[in-house]
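K.L.:
The structure under discussion is supplied below as structure tokens; questions concerning it will follow.
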Amino acid sequence: MEAASEKNELTAERSLEIISRTLEESRRTITRGSWKSMMLWGISVMVIALVVGHFWAHSSMGPGANGLWGALGLVSLGERWANRNKPKLSETFVSKTLGYVWGSMGVMAGTLGFVLGMIAFFQIHVPVLVPDAASQVHTYYVPITAIIILLMGIAGMTSGKILDSKIITYCGFIAGMVGCMLALVMPGPTEMLVLAGVSAVGLILPAWIIKQKEV
């Protein structure tokens, strides 16, 4: 009986060891190649944010310049086309979890943008009031950029913890927290400068650091 009990304990320990090793190898594999996608999306978001901010402030497009964000769809298609001949990695628990994290963030941000876009298009008043101290007029304003930046920060921190990467975790925290606060106090076209900075800190910087570690 004792021998059987010891054998079961060893088997359980061995199973846990194999699971831990598999998860660690999965983390390393995903982290090793993650910098390319992070760099691509970081640069894309930063460039589009600067372009949107410029046209928002210096053209008749105004806030309508945000429609240029549709270019991110072209970036996604381009990335898929570029990777079409590359062998696909087998899906693991870690890769699935990361997909769920960023997929959820994308759904939340996309839905929020669509709903608020429809509200603005149909000029529907919503009970979100921001007082203007200078004119004593209450204006309707929803800080969508700040909310999206916060979602990006949370997704970045969660990804960093899943991958056991302090770099990604810290960059996600700094980008989300600081970027959210700046976007709240700098509304309008200036929000796009904040979003560009968030992309640099939350995506481009950790991608560059991960790349340097691979060299």
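Using the three backbone atoms N, Cα and C, a Cβ is placed for every residue, glycine included.
TrEMBL: automatically predicted annotations, no manual curation.
According to TrEMBL, the feature transmembrane segment maps to 38-57, 63-79, 100-126, 138-155, 167-186, 192-210.
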K.L.:
So, do the transmembrane segment (38-57) and the transmembrane segment (192-210) meet, by the test of 3 or more Cβ pairs under 8 Å (sequence gap 6 or more)?
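P.N.:
They are in contact.
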K.L.:
Can you name the far-off residues of the same chain, 6+ from the ends of the transmembrane segment (192-210), with a Cβ under 8 Å from a Cβ of it?
P.N.:
31-32, 34-36, 38-39, 41-43, 45-46, 49-50, 52-53, 56, 145, 148-149, 152-153, 156, 165, 167-168, 171-172, 174-176, 178-179, 182-183, 186
